[in-house]
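Colleague: Take this structure first; my questions come after.
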Amino acid sequence: MLLHILLFLGALAKVTEPAPRCETGQETLGQCQTEQKAKCVDITVGTCNDVPYSKTMYPNLLDQKARQAVEYSSEYVLISVIHNLLQGECNPDLRLLGCSILAPQCEKDKIIKPCRHICEKLKKSCLPAFDAIDMAWPYFLDCDRFFAGEEEGCFDPLAKLRGELEVAEEDPLAGLPTTFIQFTHHSYSQMVSILKRTASKCSHIARTYSIGRSFEGKDLFVIEFSTKPGHHELLKPEFKYIGNMHGNEVVGKELLIYLAQYLCSEYLLGNPRIQMLINHTRIHLLPSLNPDGYDLAAEEGAGYNSWINGRQTAQNLDLNRNFPDLTSEVYARARIRGARIDHIPIPQSYWWGKVAPETKAIMKWMRDIPFVLSASLHGGELVVTYPYDYSRHPLEEKMFSPTPDEKMFKLLAKAYADAHPIISDKSEIRCGGSFGKRGGIINGAEWYSFPGGMADFNYLHTNCFEITVEVGCEKFPLEEELYSIWHENRESLLNFIEMVHRGIKGIVSDKLGNPIKNARISVRGIRHDITTADDGDYWRLLPPGTYIISAHAVGYSKVIKKAHGSHA
């Protein structure tokens, strides 16, 4: 079906050049157009109703003379369906770029062309998606022909993306001390503003960056803390927190916004614990993985949110069911002697289904950075779960299904739970679940089983160990509850980051001292290897104890050593 659609669009795209403007005396020949005085008009083109301006002009840059001509054109059809053709890639960037040609900005009865450098940058990043479906870059997005240089006066059609949204003219935190945290719910634009402002205040140890876009085009913003922001440092472990995976579970999002402000201010104030943490760890905080879902949930308001409204993405996908199901593959391989049950590749069949751009962004992030430890913050309960989340027997919804690193995962889960005054409480009266006797932790599949989860994917595809933290009974609590929630979770958040230094670390190199990447680090008695990063460094999370460790790589002799797992 896709091939037919592409052929159809390809046929539509073969349009004639617009007729030239009339010279004097040529009007009656029918080979040109009579010059008319055009004026700015309101934008009424359906697909372009969210552009960052309100006025356009006809004829447009393709010489289409009215809204009806635009909406019946092949170019309009293409920008209306491009997000489906490209499976969410470059959306809504391409649509907005196309709208800047079909419905260009108009000021003072004059068309303003979109900027050429914006077109060129987008084309460079999006061409792989076009190549994947064997489709050419659209002719009407020719960067040289329809776009202008900055010196000519142009506008950025993507100005509302990448967090460059309208914010209040007056910063409500302006003039307040850097230690001040406002315990409120934050819209997407407010979140971006706070993250950028925090990174600016601590520019020597912090930066913001985007790992990709949501389906509706919002940047998935991360704030990073490190002594060398933007760079992996030898033997310094990489840590990440992810919040708001389900759009209506907002507490994790707010906690990570507060945590970013706290880390910055406490570092500046000389807090030795925070300085030690940032000096020896590279910390990445992604407050909102599902900003589209958050916007939908926020429409109902705090305290009134339904259990599911906004949970999924704008594509109606549950992100925590959208990752490759590698756990089933592990169960199939576990019976085969010598079969690998770590660093399992993504099956080709996975890409035949609908993969959210948010999911793709996380997977690329994990390929780019050698994460060691991670936690995903959810809501609706008070408990910490750990892999596997998918039962070893698909028909069993509540079956204990441990990984080879069961002992370490229990330590990680307890590190968060024990520091949380309510999760660690022995009381059985909580949000509905009974976890008091378990110490507030549980194997995920034993609680309830599901495939395609992010925590299992972290463990089975990369070196990263990830747990899931349910941080509260209410998914979208009232603002007056946020201050107490922060103080209940602050120590747990810090305590869990510090766990990234448990176990052993080292460097694998050849006799000349050259680093060896992708060397395997094996621990006798634990059927799960980790691999070295690009610089040959590695981190192996382990409970305290003595272990026999081996390093092996293709073309090299195996090295075996005895090592002691550290307490911290």
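Even glycines carry a Cβ here, placed using N, Cα and C.
According to TrEMBL:
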ACT_SITE  Glu470  active site, proton donor/acceptor
DISULFID  Cys119-Cys143  disulfide bond
DOMAIN    35-157  domain 'FZ'
DOMAIN    184-500  domain 'Peptidase M14'
SIGNAL    1-18  signal peptide
Colleague: Provide the number of Cβ atoms within 10 Å of the Cβ of Cys143 (disulfide bond), excluding the reference atom itself.
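Modeller: Excluding its own Cβ, Cys143 (disulfide bond) sees 19 Cβ atoms within 10 Å.
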Colleague: Going by DSSP assignments with H, G and I as helix and E and B as strand, what are the residue counts for the domain 'FZ' (35-157)?
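Modeller: Output for the domain 'FZ' (35-157) reads 57 helix, 14 strand, 52 coil.
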Colleague: For the C-alpha pair, I'd like the distance in angstrom between Cys119 (disulfide bond) and Glu470 (active site, proton donor/acceptor), rounded off.
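Modeller: Cα to Cα, Cys119 (disulfide bond) and Glu470 (active site, proton donor/acceptor) are separated by 42 Å.
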Colleague: Far apart in sequence but close in space: which same-chain residues, 6 or more away, have a Cβ under 8 Å from Glu470 (active site, proton donor/acceptor)?
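Modeller: Looking at Cβ-Cβ distances below 8 Å from Glu470 (active site, proton donor/acceptor), excluding near sequence neighbours, one finds His378, Gly379, Gly380, Glu381, Leu382, Val383, Val384, Thr385.
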Colleague: Please report the number of other Cβ atoms within 10 Å of the Cβ of Cys119 (disulfide bond).
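Modeller: A 10 Å sphere around the Cβ of Cys119 (disulfide bond) contains 24 other Cβ atoms.
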Colleague: If you average pLDDT over the domain 'FZ' (35-157), what do you get?
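Modeller: That region's mean pLDDT is 86.
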